[in-house]
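Asks: To start, I am sharing the structure in question, which I have written as structure tokens.
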Amino acid sequence: MKRYKQRVAFRDHAAEAALFTRRAIVGFLFVIALVGLLLTNLYNIQVNDHAAYQTRSNDNRIRLIPVAPNRGLIYDRHGKLLADNRPVYSLEVIPEQAGDLDAQLDAISTFFPLSADRLEQVRQRLRVSRRFKAQTVIPQLSETDVAAFSVNQHRFPGFYVEAGLERFYPHGASLTHLLGYVARINNNDQIRIEQEGERARYAASRNIGKQGIERFYERTLHGEPGMQEVEVNNRGRIVRTVNAAPTEAGQDLQLTLDLGLQQHAERLIAGRRGAIVAMDPRDGGILAMVSSPSYDPNLFVSGISSNDYSRLLNDNNRPLINRATQGQYAPASTVKPHLALLGLEKGHVTPKTKIWDPGWWQIPGVDRRYRDWKRWGHGWVDLNKAIAQSCDPYFYELAYNTGINDISAFMYEFGFGQGTGVDILEESSGNMPTRDWKQIRYKEPWYIGDTISVGIGQGYWTATPLQLALSTTILANSGRRFVPHFLKALSVEEQLEEQLPQERPPLELERPESWQHIQQAMYLTAHRPGGSGYRQFNDAPYKSAVKTGTGQVFGLAEDADYDDEEVAEHLRDNALFVGYAPFDDPQIVIAIVLENAGWGGANAGPVARALFDYHLDPDYIAPWDRVDELVEETE
Amino acid sequence: MSEIARRQPNIWMRLHLDLPLLCGLLLLMGYGLLVLYSASGESEAMLERQLVRASLGFLVMFVLAQFNPEIYRRWALPIFLVGIALLVMVSLFGETNKGAQRWLNLGFMEFQPSELMKLAFPIMMAWYISQFPLPPKKRYLLGGALILLIPTLLIASQPDLGTSILVASSGVFVLFLSGMSWAVVGVCVAAVLAFLPVLWFFLMKDYQRTRVMTLLDPEKDPLGAGYHIIQSKIAIGSGGIEGKGWLQGTQSQLDFLPERHTDFIFAVLGEEFGFIGIILLLALYLFIIGRGLVIASRAQTAFSRLLAGSLILTFFVYIFVNIGMVSGLLPVVGVPLPLVSYGGTSMLTLMASFGILMAIHTHRRFISR
């Protein structure tokens, strides 16, 4: 310490202070120099390179986002909504923000009841998806769910609720086979979209029409996407919209369909396998098209679960098939009027021609007997009786005299053996056999016996219910031919614009009076005692023309598999019906096929009568309502 | 003290506060809070917490300003030894956080001994050097250098490069201000340059090397190592001369800018207030530094001078390293923008050093030594 004191005494404080001040100034100059360096660098960044950084800043935050257009709505002929767009909320997650995703998903699944199956599906998808891209966890949340989740959202980082519009079919299974449905765009759809150069239009769309009207009018219904210029944050979440080019909604469709008639028809054959087609013969518009059983199209909209799908696929009643356009049935006696017309046209018979029916018919010189459905025969049979009572031998002989070539060619004119051109793509052409067809298909020549079977609408001849309806329409119209269709009107700038029906050149006969002879015979079927439709149709407040049929089972569809255990039931006859009303001014044509239902007149007839009544009789009361009245009266 | 009061009835001197420095600090903090409000995404909670810290900081400054610098001088060695002991304890039983061992769990709070060293070390160095006639002889300089190595290496090994740079600088500044000859300064600079390769190949960790590489070419890994610096430069550059306006910075408001309320808050300022805002900030800093150097020059003892000078120049090191890093001149080192970045520890340490500056300025004797 002593030494220190001594030393302190020798210190030159003034010099030290001056030295310090000099050093402090040097230090300050050094500070100034370094600040200058900072400022020079900052000036370079902020002023000289400003434009470049400005661009990069905008690139960071501005994104162009395509916006899906609202899909056009679909209405029935009376303006009732058949396909709606419904606001839906879905639970989405951005994996990157969710932290421990597995734990979060477990937590979510206790919050929302989420099946293990579904949970596994989500996990699988999340494993392969990009981490910063939103993925749907739950496609549909109720508003209660949304409210409950919003309160608890802080517990689930990375999860959020997204609102959007989704297709909804308010009438469920009633219209599935004709409306079809929309569902998620899959790989095949994507490839098709790319090939058609439509990628930009579908950039924001999640769903596409898969069946029926939704598929056929996809371009019309879809609309034009909009563009949104949005500001996003570093996680790509949209913060605000800077600019937007509006979307153009798809066009609304009005169908020729009558929802009431459709639902009535559906209810009349509920629980049975079969199809009904009702058409307006004045323009070919389809009033009703039922295929039973059906299924709920809403299942497909947000992605059907594999369980539900395999249940539909493995259902023995084959609900996925549209029986009205894809079911191929032996037309049976329903085509006898057409065959008779051909006989008249070719001069093989006249309205007066009578043959003797002992209950069977033989090819001349051959022993084999072709039976009439009535074992003891119809006795003397003319054209009217042959059609009204569906006398088989009359048509055996007629077919024998006409030959398959003429039959095929003529029936082709009625639309058999080819697509009808209806505006849904799920359609089979049925089969109108020819000699060549059999040679190619079976490597066998055409036998005369084949012609005899075709003569009563059996054998190789198959037709869809829609073809039956179309051919009956041509009969009712005396040869005028419309293309069957669903489209009635399209919305153009908020206005519904009626679409003209497509018409093919009429079927001209050399003896046009033959039309009246056949129509008269069908009229008598409904209105003369002994006619196969007399019991069902004679007391109606309008006149009708009908033909019943009872088809031997040939096949449900070309690809139908026969289950051994089911064969017994499947061997029962199909009940068929075609007809139109009112007789003088046809407004409705109906074709019905009820699979394995038995006798056509007794089984399909009452269904047709109820539909005619529904359409034409203002005082009509549905059978189920009448039963209620009776019960009330007796009480 | 009573004599001062009689002869200079200045309220500020009696409170032991320096008015210009106080004004500079208040303006700077007000500006900082404005930027922080924007950088925090308009979080009032964060603003409140920062305000509490700032108030606490001013309290610490006020309390430390009341002590006579002689007291700091007398306690220099003990405080330093305690600090070293704590640093050793940290490396033995410290809490590990984000891969670095810096915190000491005291049971009731987490404590960072390296922060204490930011004050204790310049006090120690100033005390050590001021014992000798200045300019100091070479052997004393060497002694100083050896003392300098102890805390610097202890902190660098945590690893906490930012703090070790700050601590080492505070020591170097004491030596520089004491008047060491320019020849020695030259030798030292040469030695440091020679040491750099050793640092690079043997002492730096991989992530630190990556940071330096990134500085040279940030675009090489724009979404990884280069992301911070690229986004920060985009923020500053897109601000232009006038800036995008308060709360209008897209880089910061939309979260493109990482750590925007802590180490990268300068980029928010650059984006929203532009080059003009940056000049304003640097002007405030320069004013505070200038005033600090004036206080140092007017100090009456060698110890006070050296301590004040070292503290204020270290303050500048914060500024230079932080802005240099945010604007892409220096590698990313965890140094906050002083008195502006969100965070408590550095704020308290800095305000404590300003308290010491004010103590030096306001405790005057009449006969200069």
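Every residue gets a Cβ built from N, Cα and C, even glycine.
Model, not experiment: these values are computed from the prediction.
For B:19-39, B:51-69, B:75-95, B:140-161, B:173-203, B:273-294, B:306-333, B:339-360, the entry in TrEMBL reads transmembrane segment.
Tell me about the setting of these features in this model.
Replies: Residues 12, 46-47, 50-51, 54, 58, 246-247, 249, 252-253, 260-261, 265, 268-269, 272-273, 280-281, 284-285, 287-288, 291-292, 295, 337, 339-342, 351, 354, 357-358, 361 of the same chain lie 6+ residues outside the transmembrane segment (B:19-39) yet bring a C-beta within less than 8 angstroms of a C-beta in it.
Beyond the ends of the transmembrane segment (B:51-69), by six or more residues, the same chain brings 15-17, 25, 29, 33, 299, 301, 303-304, 307, 343-344, 347-348, 350-352, 354-356, 358-360, 362-363 to within a C-beta distance below 8 angstroms of the stretch.
Remote same-chain partners of the transmembrane segment (B:75-95), defined as residues 6 or more beyond its termini with a Cβ less than 8 Å from a stretch Cβ, comprise 101-105, 110-111, 113-114, 116-117, 120-121, 123-124, 126-128, 150-151, 154-155, 157-158.
Note on the transmembrane segment (B:140-161): residues 83-84, 87-88, 90-91, 94, 100-102, 114, 117, 121, 124-125, 128-129, 132, 167-168, 171-172, 174-175, 180, 184, 203, 205, 208, 333-334 of its chain, located 6 or more positions outside it, place their CB under 8 angstroms from a CB of the stretch.
Sequence-distant contacts of the transmembrane segment (B:339-360) (same chain, six or more residues past either end, CB-CB distance under 8 Å): 16-18, 21-22, 25, 28-29, 31-32, 35-36, 39-40, 46, 50, 53-54, 56-58, 60-69, 72, 112, 115, 118-119, 123, 261-263, 265-266, 269, 281, 292, 295-296, 299, 304, 307-308, 311-312, 314-315, 318, 322.
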Asks: What parts of the chain pack near the transmembrane segment (B:173-203), using Cβ distances under 8 Å and only residues at least 6 beyond its ends?
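Replies: Cβ under 8 Å, 6 or more out: 122, 125-126, 129-130, 134-136, 138, 141, 144-145, 148, 156, 209, 212, 296, 302, 305-307, 309-310, 313-314.
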